[in-house]
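Chemist: Let me begin by handing over the structure; questions about it come next.
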Amino acid sequence: MSPQTETKASVGFKAGVKDYKLTYYTPDYETKDTDILAAFRVTPQPGVPPEEAGAAVAAESSTGTWTTVWTDGLTSLDRYKGRCYGIEPVPGEESQFIAYVAYPLDLFEEGSVTNMFTSIVGKVFGFKALRALRLEDLRIPIAYVKTFQGPRHGIQVERDKLNKYGRPLLGCTIKPKLGLSAKNYGRAVYECLRGGLDFTKDDENVNSQPFMRWRDRFLFCTEALFKAQTETGEIKGHYLNATAGTCEEMMKRAVFARELGVPIIMHDYLTGGFTANTTLAHYCRDNGLLLHIHRAMHAVIDRQKNHGMHFRVLAKALRMSGGDHIHSGTVVGKLEGEREITLGFVDLLRDDFIEKDRSRGIYFTQDWVSLPGVLPVASGGIHVWHMPALTEIFGDDSVLQFGGGTLGHPWGNAPGAVANRVALEACVQARNEGRDLAREGNEIIREAAKWSPELAAACEVWKAIKFEFNPVDTLDX
């Protein structure tokens, strides 16, 4: 063997398998301001100590592998390794604990949500020593936040662009989501916008199917939008879904939307992927488009309490990747969402600085510095009777989106839009007068219905509709 390639055990390398905790469990470590911090809910296999399981998570999501390797000696593991620096029991769960892991910032490519997730959650979730693993929260350091452009301009700039202030924005998802021709689809858009809504929306799976190709939909919806805008004197928008099978096709649709002069487009950011989403967000910023984000597929990732990734992490990632709106659940509608948890990640979307608050599921203080905020979108199984609660829960900086709650009105789409607009204006006025929306909500709606026949008809149709199921994802006791 050539002297240049000969290796000897005497240089300090010792082959074999080492316990992860010997290298990656460091309870005395003091976290740095530049570290990315993660909170994992860990369910180890029977017989695996918490310290070993937590260290395994830190190792397998950073520099570690299952055995000692020669090339460990060619770099500084102390500089680059992830560290499990804390273990915390989960109340009422003997087999679970929270493991806190710190990652050096140099492990991650600047401005890449894709790379961040590939490292932190890319492989370790299939590790055999763990029965289940869930990423509960991330602390993104300021140094890393500043490598992202985030949402196009933020909430205030969107309000200025739309000239709408002092209330939540109103939207509607066109139904049925699949099967309409482009012309009939555009007709429904026009009726809803004419009736008083600010936005209408493509559903998440409306892309370019045989019954309605994307270009036809874009043209008819744009015609509807400008016609309603002319008649009402209000700026209107329709979320034209640019999601496609390739990034090139997605960008072609975005370019066409810009050429049509519409104010906003849409993307399914989880099924489309973070690389595609960030690419589209950069284009929207450069070309004056707002970007609405749908979270289709999120529940596959975030709904189970023991395994996956909490939506608050996906929400933070979206704010970094870029998007002006994102669906966030409703608390009161048909979709999963416990109140305090939902309010926690809504604040993470909108506010500049959010304190650690375990009562709302927030594990770390997060400083977004100058990264613009995102409007949360409440959508899914909501109707006029929910308006007081939605206004009280989400406040003005939100989009309240009624699909069936608009198009299901017995008199048609435009009266359905009128009913929602009247209900919203009544709730905002009552709140501004000092009334308690949580306690007096039904009374406020009944009073408004006396002078709005459209609202009265909507109240009658949906008076008995409730979705009374307990959420799966709840706060720990």
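First residue shown is number 1, and so on along the chain.
Glycine too: its Cβ is placed from the backbone N, Cα and C atoms.
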Chemist: T173, K177, R295, H327 bind substrate according to Swiss-Prot; which of S208, S359, S370, S379 goes with them?
Modeler: S379
Chemist: Which residues of the same chain, at least 6 positions away in sequence, have a Cβ lying under 8 Å from the Cβ of E204 (Mg(2+) binding site)?
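Modeler: Result: K177, N241, T243, D268, T271, H294, A296.
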Chemist: Counting every protein chain present, what is the number of Cβ atoms, excluding its own, within 10 Å of the Cβ of K177 (substrate binding site)?
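Modeler: Step by step: centre on the Cβ of K177 (substrate binding site), count other Cβ atoms within 10 Å, giving 14.
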Chemist: In DSSP terms, helix, strand or coil for T173 (substrate binding site)?
Modeler: strand
Chemist: Residues near the Mg(2+) site, K201, D203, E204 excluded, by Cβ within 8 Å of the Cβ center?
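Modeler: Apart from the listed residues, the neighbours are T173, I174, K177, D202, N205, V206, Y239, N241, M266, H294.
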Chemist: Which residues, same chain and not among T173, K177, R295, H327, S379, have a CB within 8 angstroms of the centroid of the CB atoms at the recorded substrate site?
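Modeler: In sequence order, the nearby non-listed residues are K201, D203, E204, H294, A296, V377, G380, Q401, G403.
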Chemist: Can you check which residue among the binding-site residues K201, H327 has the largest number of Cβ atoms within 10 Å of its own?
Modeler: K201
